Structure formats: structure tokens, C-alpha cells
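Notes to accompany the following structure.
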Amino acid sequence: MIDFLKKLAFDAGKIIKEYFYQNVNVYHKGKIDLVTDIDVKVEEFIKLKLSDNFSDVSIVAEESFDGNLNFDKAFFVDPIDGTTNFVHGFPFVAVSIAYISDDRKIGVVFNPILNEIFYAESGKGAYLNDEMINVSNTNDIRNSLIATGFPYSSVERNIDELMDILEKVLKSSRGIRRAGSAAIDLCYVAKGVFDGYYETGLKPWDIVAGKIIVEEAGGAVLNKRGEVYNFSDDYIVATNGNITNELLRILNGI
């Protein structure tokens with residue numbers, strides 16, 4: 001299955017790349033949450049291929065989500081993670097496809113602009129372009145590069161809280177980066193570029209594939225309380241495993 005999903009992500013990425021430098025129709029799902037015709041086009045392409053080949057597996061996809069979540073046996077699809085980046089020509093965009101069942105987990109994230117395909121299967125390690133990857137070995141948050149993102153609802157929720165955490169992380173670490181794609185942020189933790197990552201307000205299709213890849217690369221994916229991340233949790237915290245406690249203390253204001 002993993003080879004099928006890699007090829008599917010690659011083929012979907014061709015569509016994204018074809019339109020990346022073109023003007024596309026942009027619509028608003030929220031004040032700053034965007035969707036384009038290409039999001040829908042890519043999602044329909046992926047769903048058709050999945051349903052034709054795996055008719056017994058449910059599909060949870062961003063643009064056609066009906067409110068029903070199934071974690072027993074399902075595909076999770078984000079056709080373009082980083083739609084705002086896509087609209088503005090910023091090259092951090094990705095196709096994210098994951099498969100979850102009771103005994104098997106697969107995650108594939110493909111950035112067609114940078115030609116980076118990350119993938120992992122439970123118990124088999126994590127890879128970037130067929131080379132095994134691992135999280136960093138940084139053990140002091142003062143030497144760490146941390147990634148984050150801002151929820152689309154940040155204009156309506158407690159922006160002061162988010163900025164307070166941002167300031168504390170910035171003062172405690174080597175720096176912060178905001179790429180605008182949760183899937184890519186997680187993959188960059190997996191390959192050791194980022195030592196940690198945190199964000200709030202994400203949806204399962206944003207992070208299922210990336211979570212699998214981080215864990216298979218030797219990292220930890222937790223909630224803000226330091227427990228194993230559940231997709232109903234507000235905060236996701238991913239680290240190399242060494243700076244977890246330090247980052248959690250900062251996020252919790254301890």
C-alpha cells in the first residue's frame with residue numbers, strides 16, 4: 001500500500017505544481033482560511049483513486065469532510081496543506097495522505113515544489129526521498145530551532161495568549177520558524193531540521209501523516225499535558241524527544 005500512496009501523492013503533486021505559478025480562483029472558508037479550485041481538484045483526484053482501489057476503507061478529506069471521523073480504518077487526506085502558501089507562491093505546500101487501521105499506520109507527505117517526499121510505515125522507519133531520516137539529537141532548548149503555526153481562528157481567539165507563548169519560546173530557544181504547513185513542520189522535525197514544533201487548532205487531516213513520520217523517525221508527539229497526542233486535543237507538541245520537558249514547561253507557563 002505504501003508504494004501506491006507514494007505514487008498517488010506524487011501524481012497529485014503534479015497537479016499542484018502545474019498550477020503553482022498560475023492565478024487560481026480563491027474562496028474564503030473563514031476570515032483568513034482559504035480554499036482554491038485546485039484544492040478541490042486534487043482532493044477529488046485522490047479520493048477517486050483511493051475509492052477505486054480500496055473501496056472498503058473510509059476517506060476523511062478536508063474539503064469534503066462531513067463531520068464523521070473514523071480512526072478504525074480510514075484514509076486521511078489534505079489535498080494542499082499550505083493553501084495560503086500556494087496562493088502566494090511560497091513553496092511550502094504539500095499533499096498529505098495517511099492510512100490508519102488497528103494494526104497498520106502509513107503516512108506520506110509530498111512537497112512537489114521542492115520535490116521532497118516523506119513517508120513512513122509503522123515499525124519500518126521514516127524516509128525522505130528513499131533515505132532514512134531521524135530526529136535531531138539536540139538536548140538543550142537553548143540550542144533548538146522551534147516551529148509553530150497560527151490557527152485560522154487566531155483572529156477570533158485569545159491572540160494575547162498565543163503571542164505570550166511565542167515570546168517565551170523565542171526567548172528560550174535559538175529561534176522560531178513559521179512555514180505555514182503543519183505537515184511539512186512535522187516532517188522537518190522528523191528529519192532533524194526542527195528540534196520541536198507546537199501548534200493549536202489543527203484538524204486530523206493536517207497532522208495524521210506527519211505524526212506517523214515523526215514517531216517513526218524517533219520523535220515524540222504529545223499534547224500540551226505531555227500525554228500521547230489524541231486527535232481531539234487542542235495542542236499538538238512534536239519534539240526530538242530530548243527537549244520535550246523544557247518545551248512543555250514553556251507552553252504551560254511553568
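Placement of Cβ uses the backbone N, Cα and C atoms for every residue, glycine included.
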Same Mg(2+) site as E62, D78, I80, D81 according to TrEMBL: which of D206, D233, D234?
D206
Going by a 10 angstroms cut-off between Cβ atoms, which of the binding-site residues E62, D78 has the sparsest surroundings?
E62
So among the binding-site residues D81, D206, who's got the most Cβ atoms within 10 Å?
D81
Under a three-state reading of DSSP, tell me whether D81 (Mg(2+) binding site) is helix, strand or coil.
strand
